[in-house]
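K.L.:
So TrEMBL lists these for the protein:
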{"type": "BINDING", "residues": "A:CYS96, A:CYS99, A:CYS132, A:CYS135", "note": "Zn(2+) binding site"}
Protein chains: 2
Amino acid sequence: MKEIEKTLENKSVRPTAMRILIYKYMAEKEIAVALTDIENAFAKADRTTLYRTLKTFEEKGIVHQIDDGTNISKYALCEPGCNCEIEQDLHLHFHCNNCDETVCLTEHKIPQVNLPDGYVAEDANLVIKGICEKCSGR
Amino acid sequence: MKEIEKTLENKSVRPTAMRILIYKYMAEKEIAVALTDIENAFAKADRTTLYRTLKTFEEKGIVHQIDDGTNISKYALCEPGCNCEIEQDLHLHFHCNNCDETVCLTEHKIPQVNLPDGYVAEDANLVIKGICEKCSGR
DNA sequence: TTAAACCGTGCAACGGAAGTGCATTTATCG
DNA sequence: CGATAAATGCACTTCCGTTGCACGGTTTAA
């Protein structure tokens with residue numbers, strides 16, 4: 001718990017109770033979460049607060065936003081040392097068509113792609129869809 | 001014009017006036033279009049019709065849906081011989097951070113990715129974001 | 001040919017999610 | 001303690017995707 005406080009402070013985010021709880025919630029979940037998920041988990045909290053908390057976390061590099069093709073923004077904690085903004089650091093995401101969960105495959109980086117002349121890459125997003133470990137029965 | 005009719009019929013879609021127009025519009029545009037784009041282009045047509053037309057087109061393999069990370073579904077015509085459903089055929093998409101346009105890079109396929117044990121890939125989506133040819137000034 | 005079935009289209013409305021403005025509370029600093 | 005800024009909560013708006021229903025034209029079957 002104290003660790004979370006420290007983590008937030010290191011990223012220059014004030015460790016309020018709400019923020020610590022949200023961080024904790026995301027740390028326990030191993031999958032990417034949507035705003036609605038957090039909303040349901042914390043019935044007490046207002047959606048706006050959660051919304052802005054996620055925005056703040058994202059700006060400060062605490063979480064990264066994931067677009068898994070469901071048209072619902074998901075978020076996941078950045079691994080220690082994750083530099084989302086650097087292209088080489090971009091890992092891919094896996095979305096399960098069965099359980100509808102999205103996970104970070106942190107170890108799997110997005111392969112380098114050669115673009116046509118004139119195109120400049122700044123960011124990349126790769127989502128693989130299929131059946132996840134849990135649902136495939138290994 | 002007659003060609004479009006034929007194309008639609010070949011895909012077992014009845015070539016109504018509306019559908020031909022929409023097809024024509026998408027063929028002329030070289031970028032992926034959102035429902036709203038079409039809506040603005042055809043002020044007369046109802047949103048629902050366009051929506052369902054796109055759905056139909058998608059089911060019949062005339063267009064493919066593109067998720068470029070803007071949380072707005074875009075659509076683009078399939079190239080002749082495009083088999084969107086087959087993983088090997090998946091091309092990548094480029095979204096320009098400047099002009100906000102999304103294009104298909106049909107020639108650029110999504111590289112094969114090794115997944116952890118237990119994960120089964122069925123589909124993939126790769127979007128590169130950056131500056132497009134037009135905006136980079138070559 | 002006429003009736004029935006089907007399909008395409010249009011109108012209205014709903015629901016979910018993102019986002020904004022403003023008031024209020026809470027924390028920080030002098 | 002008081003002033004200032006940050007965080008939170010409430011209300012509301014907008015946008016997009018989606019659905020239900022009704023009308024009209026076209027196709028199909030008797």
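Yeah, the Cβs are placed from backbone N, Cα and C, and that goes for glycine too.
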K.L.:
Just going by other Cβ atoms within 10 Å, which of the binding-site residues A:CYS132, A:CYS135 has the emptiest spot?
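P.N.:
Counting other Cβ atoms within 10 Å of each of the binding-site residues A:CYS132, A:CYS135, the minimum falls on A:CYS135.
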K.L.:
A:CYS96, A:CYS99: which of these binding-site residues has the highest Cβ count within 10 Å of its own Cβ?
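P.N.:
Selected residue: A:CYS96.
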K.L.:
Please report the three-state DSSP label of A:CYS96 (Zn(2+) binding site).
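P.N.:
Where A:CYS96 (Zn(2+) binding site) sits, the three-state DSSP reduction gives strand.
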K.L.:
Beyond A:CYS96, A:CYS99, A:CYS132, A:CYS135, what residues of that chain have CB atoms within 8 A of the centre of the Zn(2+) site's CB atoms?
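P.N.:
Not counting the recorded site residues, we get A:ASN97, A:ASN98, A:ASP100, A:GLU101, A:ILE131, A:GLU133, A:LYS134, A:SER136.
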